[in-house]
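Read the structure below first, then the notes.
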Number of protein chains: 6
Amino acid sequence: MFFHNSKLQYEVRVEKPNPLFAKMLQQAIGGVEGEIRVAMQYFFQAMGARGNPKYRDLLIATATEELSHIEFLGHAVALNLEKAPAHMKDEAAKDPVVAAILGGMNPRHLLSSGLSAMPVNANGVPFDMSHVYATGNLGADMLANATAEAGGRVLASRLYELTDDPGMKDMLSFLIARDTMHQQQWLAVIEENGGFEGTLPIPNSTPQSAEATEHSYVFLNTSLDKEAPQGRWTSGPSLDGRGQFSMRPAQPMGQEPSLGKARPDSGAQKEQM
Amino acid sequence: MFFHNSKLQYEVRVEKPNPLFAKMLQQAIGGVEGEIRVAMQYFFQAMGARGNPKYRDLLIATATEELSHIEFLGHAVALNLEKAPAHMKDEAAKDPVVAAILGGMNPRHLLSSGLSAMPVNANGVPFDMSHVYATGNLGADMLANATAEAGGRVLASRLYELTDDPGMKDMLSFLIARDTMHQQQWLAVIEENGGFEGTLPIPNSTPQSAEATEHSYVFLNTSLDKEAPQGRWTSGPSLDGRGQFSMRPAQPMGQEPSLGKARPDSGAQKEQM
Amino acid sequence: MFFHNSKLQYEVRVEKPNPLFAKMLQQAIGGVEGEIRVAMQYFFQAMGARGNPKYRDLLIATATEELSHIEFLGHAVALNLEKAPAHMKDEAAKDPVVAAILGGMNPRHLLSSGLSAMPVNANGVPFDMSHVYATGNLGADMLANATAEAGGRVLASRLYELTDDPGMKDMLSFLIARDTMHQQQWLAVIEENGGFEGTLPIPNSTPQSAEATEHSYVFLNTSLDKEAPQGRWTSGPSLDGRGQFSMRPAQPMGQEPSLGKARPDSGAQKEQM
Amino acid sequence: MFFHNSKLQYEVRVEKPNPLFAKMLQQAIGGVEGEIRVAMQYFFQAMGARGNPKYRDLLIATATEELSHIEFLGHAVALNLEKAPAHMKDEAAKDPVVAAILGGMNPRHLLSSGLSAMPVNANGVPFDMSHVYATGNLGADMLANATAEAGGRVLASRLYELTDDPGMKDMLSFLIARDTMHQQQWLAVIEENGGFEGTLPIPNSTPQSAEATEHSYVFLNTSLDKEAPQGRWTSGPSLDGRGQFSMRPAQPMGQEPSLGKARPDSGAQKEQM
Amino acid sequence: MFFHNSKLQYEVRVEKPNPLFAKMLQQAIGGVEGEIRVAMQYFFQAMGARGNPKYRDLLIATATEELSHIEFLGHAVALNLEKAPAHMKDEAAKDPVVAAILGGMNPRHLLSSGLSAMPVNANGVPFDMSHVYATGNLGADMLANATAEAGGRVLASRLYELTDDPGMKDMLSFLIARDTMHQQQWLAVIEENGGFEGTLPIPNSTPQSAEATEHSYVFLNTSLDKEAPQGRWTSGPSLDGRGQFSMRPAQPMGQEPSLGKARPDSGAQKEQM
Amino acid sequence: MFFHNSKLQYEVRVEKPNPLFAKMLQQAIGGVEGEIRVAMQYFFQAMGARGNPKYRDLLIATATEELSHIEFLGHAVALNLEKAPAHMKDEAAKDPVVAAILGGMNPRHLLSSGLSAMPVNANGVPFDMSHVYATGNLGADMLANATAEAGGRVLASRLYELTDDPGMKDMLSFLIARDTMHQQQWLAVIEENGGFEGTLPIPNSTPQSAEATEHSYVFLNTSLDKEAPQGRWTSGPSLDGRGQFSMRPAQPMGQEPSLGKARPDSGAQKEQM
């Protein structure tokens with residue numbers, strides 16, 4: 001069960017409100033790299049957690065933290081919108097800077113939300129929950145979480161670079177740090193379970209009989225004009241210690257597909273029957 | 001530039017066509033764990049690849065392979081639909097097995113596609129390209145790719161378990177093997193670049209000054225009634241070798257947010273002004 | 001800032017696990033009438049709240065409660081999936097009840113989530129955040145919230161009717177009660193601000209000069225063959241006390257639209273130019 | 001059955017075509033506050049109307065009017081696009097006002113629609129029909145309709161404030177007036193059926209036995225550090241006259257959730273089994 | 001401006017209500033082949049029509065008719081749901097036919113709409129307005145409309161085949177006939193403007209200088225192992241009379257793409273810089 | 001099965017990188033008129049092709065070519081982003097041209113993709129696969145393909161007009177030419193199967209008994225105030241040679257719909273029962 005403290009997890013100061021930066025910050029709220037996604041992803045993974053209950057605790061604790069990130073980012077968006085222009089009358093249209101702001105800001109910050117944050121990304125596209133990855137497989141979920149935090153830290157670093165507002169830089173430096181920790185903690189679960197050797201291939205419970213292992217450690221080169229790129233994946237032991245990497249040009253092993261004629265009365269054209 | 005060979009990458013046999021299994025197989029084509037996603041994800045990553053060109057080659061080679069996976073899975077869906085019932089007339093409605101099939105199959109396999117595969121998941125929801133993760137950061141992208149392949153192998157293992165058609169089992173055992181290799185190869189790129197120590201935190205190019213490092217290796221426990229879950233993430237050196245893990249109860253560090261009164265003429269209620 | 005207690009807000013018992021009911025319960029999590037929606041709607045309204053701060057507190061307090069509703073419903077979904085069939089082998093296919101369950105349950109509960117809740121509705125369509133209504137106008141938001149809770153209580157009542165599992169009925173009776181309260185509290189804000197007379201029209205701050213008031217209290221009948229339906233809206237004082245209702249057949253007041261010819265080089269056909 | 005008159009419901013004049021305002025007007029067509037939504041919402045409610053047939057007539061009459069609103073707004077968008085720049089050649093790029101317009105307008109007004117209206121919102125996101133709320137419950141639907149009209153009038157008021165084109169102001173003042181009436185008429189249905197006391201809780205047909213009424217009129221405070229906000233919802237009779245409001249700190253009443261171990265062969269990691 | 005007559009365009013009779021058929025009929029309302037799509041597509045094309053005004057009249061007249069198709073199909077869905085089971089209690093679960101219906105019907109017909117039509121397809125996926133194709137080019141739009149009607153008539157034919165309810169068959173035979181006419185009328189516009197020779201290539205206003213005509217009538221064979229398929233498109237005069245068809249194996253004409261190194265501070269990994 | 005050559009199908013040169021044009025080019029990648037759509041549409045049609053196998057070959061050959069179009073367009077987007085501003089610091093904000101670029105470019109080209117192409121349209125909306133039209137009916141599919149190519153060529157012509165970069169103009173002139181050919185080839189399939197007379201109505205296999213042919217060739221005029229627009233569709237033989245066109249004012253042929261009262265316990269309001 002959730003509870004709330006009226007203070008923000010981190011202080012939010014905006015010295016130079018900037019409606020364009022408000023639009024950009026939305027990516028950190030409602031983008032696929034954003035906080036709604038991680039909050040909900042960890043929450044749903046927690047609700048489906050089976051096995052050692054400490055992972056459930058880990059997930060729900062961090063889900064809860066991410067909800068607090070949404071909250072202070074939402075405040076940052078609203079503060080950046082404080083002085084947004086609300087009309088496009090003649091004098092405004094003639095000032096190119098105002099025109100650029102009016103054209104460049106998210107129009108729905110004016111029209112729909114009344115100058116506050118929305119659950120959308122920097123293009124104004126609403127977040128959709130299909131991005132909540134929760135498979136019931138601990139390894140797959142930990143990789144998904146590290147991925148989300150990697151994307152999140154890339155985004156926060158880019159936002160940090162974009163702004164020169166000291167308050168925003170300070171807030172983003174906190175987010176960057178938390179994303180560092182969250183990358184660490186999800187990968188630490190993999191370390192704790194034996195690293196790549198213990199974890200891979202995911203799922204590690206698939207019976208050997210279900211895998212055509214002659215295809216499991218071979219890099220297939222589908223290029224018609226280049227050699228296979230050489231690297232850790234083309235020779236030496238596999239990361240799971242179960243095989244040896246090799247490589248081979250790809251080639252068809254199957255039939256030419258054919259579905260024959262269409263059924264009568266199946267809604268096809270007569271000439272297909 | 002792409003080319004095509006008329007044969008499938010792998011042979012597809014369906015001994016007992018099953019429209020319900022056709023619906024389930026759609027998840028491997030148009031689901032977030034499916035082949036359209038990985039084909040497009042590796043393709044877009046390749047188009048944005050900067051740095052060592054061999055990673056571009058690796059990405060495009062496997063993108064090309066995944067297109068071939070869509071193709072043989074699409075054939076498998078069509079073959080599973082071969083004997084699907086096309087009417088729900090009285091005699092059919094009275095046979096509970098036929099009724100269950102008619103109710104349980106994807107109705108659009110009858111109505112929209114003419115008994116063939118669609119770019120949708122097992123719920124009939126079309127794939128949307130927001131799931132193509134391509135950040136321009138090699139580390140983030142490799143984790144995203146390993147995640148996609150982990151999800152893919154979880155799915156293929158579940159599909160393998162669901163069916164007892166020998167042809168389908170054979171095809172899925174090939175997919176399971178390829179997903180093994182693809183998990184390996186993306187993580188091998190991380191290994192090649194120094195493993196977690198060299199790669200983390202992602203991006204590893206964020207200047208130290210942009211990070212509030214006092215928050216970078218601390219697990220924050222937001223639970224009101226439980227101790228922080230203990231593990232690799234609560235003590236010892238961090239995975240990147242830059243810090244030491246610790247833990248601490250979470251607490252607010254920011255202000256209580258306030259936006260004051262609404263602007264006159266901003267479309268709010270008078271009582272907010 | 002958010003915190004978490006490890007216990008659920010309400011007890012969840014499932015005596016007869018039912019994968020079909022699990023699918024139906026998803027509507028209460030990820031449907032437009034569901035708990036993700038209200039949690040996020042109240043949260044975003046709170047983040048944009050301007051005016052009397054007690055409404056912000058009211059919103060965030062209930063947003064927090066709704067997060068707890070997601071949590072216990074998610075547990076209920078997982079418990080209903082406990083004994084779901086995981087294969088469709090011959091013996092299963094011959095049992096019409098098993099066949100009906102396999103066809104009728106959400107296949108992604110098997111394939112994607114590993115037998116646990118997902119942020120999707122009863123059709124498996126992911127929740128999308130465009131349903132988070134937060135306008136910055138207190139009156140509009142309170143109506144939106146009452147609407148959400150009305151839809152929620154209709155849904156919970158229908159779910160109550162569908163099941164005869166005593167644990168599920170008990171849990172739903174709690175949800176029905178909370179939806180009662182939440183309908184009340186949002187409408188109570190309107191009462192507190194003068195009821196319909198004080199609140200309407202929303203926004204009540206639109207200057208009189210911006211409204212063509214001769215059209216403000218007239219029911220326009222667009223029917224060609226029936227009289228206007230008579231009711232509270234066709235005569236008597238308006239609900240806001242500012243006018244008198246009347247009615248009138250609708251008729252065009254504007255021009256026949258014409259855009260003339262297409263610009264040369266605008267990508268139209270020559271015959272349009 | 002529908003019919004059409006070739007004239008618009010209201011006159012549309014645009015004196016100073018403005019492609020940025022065209023983008024903003026799209027919110028009133030294809031936004032969640034827009035006319036497609038209300039037209040379709042009232043239409044689908046009418047098609048599902050059960051009970052007194054006059055409400056069906058009311059719904060379909062206004063659905064029909066809203067279709068006419070789409071039509072004149074669509075004309076307004078096209079007229080605002082009349083002089084949009086169609087190229088970004090050197091001389092244009094150097095004029096900051098032209099650059100701001102080219103960057104700020106909806107690029108698909110140039111690229112996709114040939115300078116006319118689209119069924120999208122101000123961000124270019126297509127309207128999706130999940131926003132058509134029609135529950136089969138008269139009370140829930142009337143609140144949903146009042147909500148839609150409240151959002152619509154907030155939007156129209158903001159658009160009125162943004163522009164100083166007299167033709168656009170005139171057209172919006174008509175929309176503002178019609179939204180006033182439509183708010184009134186949907187709430188008038190609630191008045192006619194006994195107001196809040198007769199209507200609440202929605203649905204008012206849920207049997208008393210299905211409701212844990214000890215939780216029906218209690219405000220739960222989930223805040224850890226603040227008193228419950230005081231208001232009409234914390235004491236006194238409930239709006240439906242069935243109870244007395246009270247308040248109480250929220251606390252868990254349920255168990256700590258546990259799903260135990262994962263099933264073998266369920267696609268989880270071995271360590272979860 | 002639109003008006004409404006209280007009678008349906010066509011009579012709707014359902015002799016044997018069938019909730020599964022109700023689900024299937026939804027495809028004709030909210031599917032991409034459905035009536036919402038064509039109604040809105042013709043409406044938006046009409047609003048953007050430039051050139052000879054009779055095409056605007058043609059479009060709006062048929063848009064209006066399609067609205068009436070939504071209306072009678074919506075009634076058909078509701079009538080098919082008349083006797084849908086509303087509970088899944090023990091006795092029901094034991095009857096495999098009832099179980100198959102409960103599992104097979106759209107659960108939201110029970111949970112969300114109160115046994116009436118929704119603006120969704122047969123999978124319960126809401127219609128989204130990105131399927132409204134309106135380019136401002138008369139030729140492209142007429143092809144899009146013929147496509148929509150072709151898909152619509154394929155669907156209606158399949159629905160006709162699925163049911164043996166005489167009332168439903170009668171209603172569908174009307175839809176099939178109207179789809180015939182609508183295919184005809186849109187292609188007749190192309191005939192009237194000179195057929196393929198006058199219309200193609202679309203747009204026929206693109207200046208010759210903008211087209212690399214040496215690539216305009218050549219079939220490129222990308223197959224590695226098969227000859228180009230022979231047909232009307234490989235030799236003889238082109239359909240627009242401007243060229244001669246030929247064929248040729250496809251081959252790369254461009255460079256190997258390279259983006260070089262990533263910018264410092266662009267959020268990439270160090271090893272990409 | 002697919003293979004890849006490391007060179008692009010066509011050369012890509014960008015002389016004056018322009019982030020606004022990069023945004024516009026996205027429409028040709030991830031828009032409904034774009035290359036992902038046609039690549040996937042032809043691919044899925046090929047996978048479902050029944051009847052003469054040469055059409056399968058034709059479809060897959062061109063699907064493969066379209067993948068190569070995505071590839072060179074993706075490179076063009078990245079090259080146009082080469083010099084995009086990466087910060088909005090004070091000096092930048094004061095330069096109106098830089099401000100216009102920062103506001104006008106797709107912010108996710110900075111924030112999410114690291115200056116490379118994304119599978120989104122010019123509004124940043126991700127492509128969704130519901131736009132892949134593949135019905136299993138050869139005639140419907142060929143019309144859908146010609147429609148897609150018509151939209152594609154309209155778009156490419158508009159992009160050609162927008163830019164004055166010689167490299168971009170050259171690349172677009174190639175696309176315009178290929179779209180010419182692809183329009184031709186799909187319509188050539190219709191010619192080969194007897195033109196409109198042989199192909200229409202689609203499907204041409206619907207039994208005559210399933211069609212209420214008295215409604216098949218009649219233009220219904222739903223206008224209240226205008227004569228039916230006269231044209232090829234109002235008199236003379238139908239395009240399929242099966243009938244004679246005529247016209248008639250539309251009028252209701254059905255009943256006034258009524259659903260009676262709501263079921264008790266269906267979640268409706270009492271007053272509906």
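Cβ coordinates come from backbone N, Cα and C, glycine included.
Bear in mind that TrEMBL entries carry predicted annotations, made automatically and left uncurated.
For the Mn(2+) 1 site that TrEMBL gives as C:E35, C:H69, C:E149, the extra residue drawn from C:H4, C:H109, C:H182 is C:H182. Candidate binding-site residues: C:D57, C:E66, C:N221, C:S223. Nearest to C:E149 (Mn(2+) 1 binding site) by Cα distance: C:E66. Rounded to the nearest whole angstrom, the C-alpha distance between C:E35 (Mn(2+) 1 binding site) and C:S223 (Ca(2+) binding site) is 39. Across the structure, C:H69 (Mn(2+) 1 binding site) and C:N221 (Ca(2+) binding site) are spaced 43 Å apart at their Cα atoms. Across the region 'Disordered' (C:227-273), the DSSP tally of helix, strand and coil residues reads 3 helix, 6 strand, 38 coil. Distance from the CA of C:N221 (Ca(2+) binding site) to the CA of C:E66 (Mn(2+) 2 binding site) is 41 Å. Secondary structure at C:H69 (Mn(2+) 1 binding site), taken from DSSP and collapsed to helix, strand or coil, is helix. Chain E lies within reach of none of the binding-site residues C:D57, C:E66, C:H69, C:E149, C:H182, C:N221 when a CB-CB distance under 8 A is required.
With a threshold of 8 Å between Cβ atoms, none of the binding-site residues C:E66, C:H69, C:H182 neighbour chain D. Note: C:N221 (Ca(2+) binding site) has non-local neighbours C:E227, C:A228, C:M247, C:R248, C:P249, C:A250, i.e. same-chain residues 6+ apart with C-beta under 8 A of its own C-beta. Cβ atoms within 8 Å of the centroid of the Cβ atoms of C:E35, C:H69, C:E149, C:H182 (the Mn(2+) 1 site) belong to the same-chain residues C:V38, C:A39, C:T62, C:E65, C:E66, C:A148, C:G152, C:L175, C:R178, C:D179, site residues excluded. Between the CA atoms of C:S223 (Ca(2+) binding site) and C:H182 (Mn(2+) 1 binding site) there is a gap of 38 Å.
For the binding-site residues listed here (C:D57, C:E149), the lowest count of other CB atoms within 10 A around the CB belongs to C:D57.
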